[in-house]
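Novice: To start, I am sharing the structure in question, which I have written as structure tokens.
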Amino acid sequence: MTTGFLQKIFGSRNQRLVKQYQKTVETINALETQIEQLTDDQLRGKTDEFRQRVAAGESLDKLLPEAFAVCREASRRVLKMRHFDVQLIGGMVLHYGKIAEMRTGEGKTLVATLPVYLNALAGRGVHVVTVNDYLAQRDAEWMARLYNFLGLSVGINLSGMEHEQKQQAYASDITYGTNNEFGFDYLRDNMVYETEARVQRALNFAVVDEVDSILIDEARTPLIISGQAEDHTELYVRMNALPPLLERQIGEEKADGTGVEKPGDYTLDEKSRQVFLTESGHEKAERLLAEWGLIGEGESLYAPQNITLMHHVYAALRAHTLFYKDQHYVVQNGEVVIVDEFTGRLMAGRRWSDGLHQAVEAKEHVKIQSENQTLASITFQNYFRMYAKLAGMTGTADTEAYEFNEIYGLETVVIPTNRPPKRIDKQDQIYKTAKERYDAVIRDIRECYERGQPVLVGTTSIENSELLSHLLKQAGLPHEVLNAKQHEREAAIVAEAGRPKRITIATNMAGRGTDIVLGGNAEKQAAFIEADEAIPADEKARRIKQLHDEWETLHEQVKAAGGLHIIGTERHESRRIDNQLRGRAGRQGDPGSSRFYLSLDDPLLRIFAGDRVRSIMDRLKMPEGEAIEAGIVTRSIESAQRKVEARNFDIRKQLLEYDDVSNDQRKVIYQQRNELLEAHDITETISAMRHGVITEVVRQFVPEGSIEEQWDVPELEEALRNDWQLDLAIQEMVNESSSITADEILDAVTTAADEQYEAKVAMVGRESFSAFERSVMLQTVDRLWREHLAALDHLRQGIHLRGYAQKNPKQEYKREAFELFAAMLDAIKQEVTRIVMNVQIQSPEQLEEAAEQIEERTGHLENVEYQHADYAESGAPVANVAAATAATATADMVGSAMTHGHAGELPKVGRNDPCPCGSGKKYKQCHGKLS
């Protein structure tokens, strides 16, 4: 109450910020007359003047009013577009490292030019980040005219570009590209073997378009560069036969033994997208696997030698029960292609991890591709937090303002619209069944079509869009379908979606980034005429004028019919996605309307609010085909959405807390790697490693400060001879001296190792040997880092089970991850020293050949896959994602953990310990019974 009272007096934080920026807008407007007087050359010359002032120490904040005024005038001359006052406010919000929420059609692309121009003056590079290559190329080509006029260079960073093109793009003042490509370039730069092979500069300032999509929707999806690992193709095929033989259990067993409506072999948790085998399911699976000869008679699935099978059992079950064709993936050209659940786009080339993709391929009877090993990975959360300054813009950020602030330290500022909005958002209509809902949708579309009003229908999946398309064909209504299967055409379809009688079906936010203009997009058609050299100039002018006249008529016709009407056929889990769909109507003060049609069969209602709404409908005795339209139901749905949003936020936050551990380690490894690349001579580093390793070896057999009776000299001699190529008669030294100490033995071995090393260097020359050492060290760091990443993933998969032992899983993860990291650093020293001391050299040519072989073995950038696999989607390590993942560690994982000193063997489970399956029961009452 007090807060509301104070807000009335002082205004909200948002209002105060906008008011503050308004004063700067007045300063910019006061400069307009003066700037208008400048010639084109004088206006262009302002850029050099500003650069000199920045170099002399003037801050960008102080330069802002003049730079914005110059950019606005240049835009007016080059693009024939003058920034509105609210767009200047948006530009300031971005410059100060905040998120600008601007409604659809308010000109976000133009707004970005202001802070981008200002920050590019510092000469440290500015990245403009978009969601796909099409938008990156479109915006770069469109705005390059303005930036080039002002004397700034513009680069485009697209996937598949040549190395030199990428370097050129990053060297430009302003670089446009996609979030994926910027992230992958960062990872690739930290996998190179020469400094000249890197493409990125230091990460200075990024403006992220559709910031909610990139920093929130995709925050759970790490970028992964991976290579092929061991082949388990045959096992996936055989496991694919298992799920059809198992039955789903309906209902969860309670403590008193009740709650199961229909017994079965597995249960599903649709919220967390996990599957769990029941006791009978385990018994049945073990019996079938024994019949197929995959496990021994009477063996348990939890036996150490069978853990890899457990991984395959769960992968096959999840593929059959939780992932559906044309909803989560499509089969195209004999390949399983993932569908992005947020945009409905196909994500070609991306694969689910943890064997799920192979299990889906086995289910669809297409060629099974090998499992991959992670070579490098980073989340968008940790990548974008590396920028010195980060800003973003979107039409819908306010519902996620808390998360932006909590995770990225970004404040959200809602920018006022240039004209007051006129869109009417109607109440949701809820039907009992999906059929009744679709009947109502078709009726609404027909009414709009008959009065000449354009309609945009939003669906949540390709399957639903094709179903609706089929129903519209039956109803004889012409329409366009915009989904992941046709996104080459999407910009063209969206541009024309505002014409009279136009019906467009779109999955979620396909076509996002392209405005729907009432009456159609005359500018696009005019551009085609302008580009046609066969048409004479006067004919071009006549046709373009005719186009604009026709557009004026159509524009008024659509406005009179009520503007664009938005129909949502289902509520999304996130209110923000619903708001994005609604936001396509009512741009720049145009009329428009929106309505959502729901049914009790929708996943959101069924899982979170179905019983409550169904009881309301039953009490009201609703006849078939009748909808419920009430505020209480809409509020109930929004409450369900808030629950899902809160849960997703918790998952993202938890993922970040766990990823921060590997991120800190990643920074250390990448920093050391870069120092290694840039160092002219690494002799001192190699020497320190050698002395450290030799000391460890000697101390193992001749402990420091010990007496002769405690020494094991024969074993030391054998270890030095076999492992380090040092043939020393230490026993003779001991026999000849009555007072030799442990330190003197260490000095003797160290001196011998140094002499052996110097002899090799003298044979081939310091420069050649140093190049060989660098290759060895880089290859070793990369290989052990890859194994370490796998070990961290596998540690994270089972770490939540520590909660049953009254331990904090996060603290345990941090502690064990640190131990793994320390073990990896020791392993790097051991491995590098072993290779350098064991290499046999006769000539410099032989050394070069050895270095080439090492680099060939590490030619990982030639045969890799770039994935953006959703961890939470694929059951990968989010700490509290269902306990069943505890059992999905493969035999490789165990081997990897053992290599890193994580565990000597798989721990034996005590009868009274919590069962490893995560049921919460004691082992003797759960899978102990099965063993």
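One is the number of the first residue shown, and numbering goes on along the chain from there.
Including glycine, each Cβ sits where the backbone N, Cα and C put it.
Swiss-Prot lists Q87, G105, E106, G107, K108, T109, D515 with the feature ATP binding site, giving sequence analysis as the kind of evidence. Among the features that Swiss-Prot reports, Zn(2+) binding site is placed at C915, C917, C926, H927.
Could you place these features in context, so I can see how deep they sit and what lies close by?
Specialist: Cβ neighbours of T109 (ATP binding site) (same chain, under 8 Å, six or more residues apart in sequence): D139, W142, M143, D209.
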Novice: In sequence order, what residues of the same chain, 6+ apart, have a Cβ less than 8 Å from the Cβ of Q87 (ATP binding site)?
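Specialist: Those within reach of Q87 (ATP binding site), by Cβ under 8 Å and sequence separation of 6 or more, are E106, G107, L110, V111, L114, N418.
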Novice: Hey, of the binding-site residues listed (G105, G107), which one tops the CB count within 10 A?
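Specialist: In terms of Cβ crowding, the pick is G105.
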Novice: Starting from the ATP site formed by Q87, G105, E106, G107, K108, T109, D515, give every other residue of that chain whose CB sits within 8 Å of the mean position of their CB atoms, in sequence order.
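Specialist: Filtered neighbour residues, in order: M102, T104, L110, V111.
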Novice: If you skip the near sequence neighbours and keep only those at least six away, which residues in the chain come within under 8 angstroms of D515 (ATP binding site), Cβ to Cβ?
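Specialist: Counting only residues 6 or more apart in sequence, the Cβ neighbours of D515 (ATP binding site) under 8 Å are T104, G105, V494, A495, N521, R587.
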Novice: Which state, by DSSP, holds Q87 (ATP binding site): helix, strand or coil?
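Specialist: DSSP call for Q87 (ATP binding site): helix.
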Novice: When a 10 Å sphere is centred on the Cβ of K108 (ATP binding site), how many other Cβ atoms does it contain?
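Specialist: Counting Cβ neighbours of K108 (ATP binding site) within 10 Å gives 24.
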Novice: In the three-state scheme derived from DSSP, which category covers K108 (ATP binding site)?
Specialist: helix
Novice: How many Å separate the two farthest-apart Cα atoms among the ATP-binding residues Q87, G105, E106, G107, K108, T109, D515?
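Specialist: With Q87, G105, E106, G107, K108, T109, D515 as the binding residues for ATP, the largest Cα distance is 17 Å.
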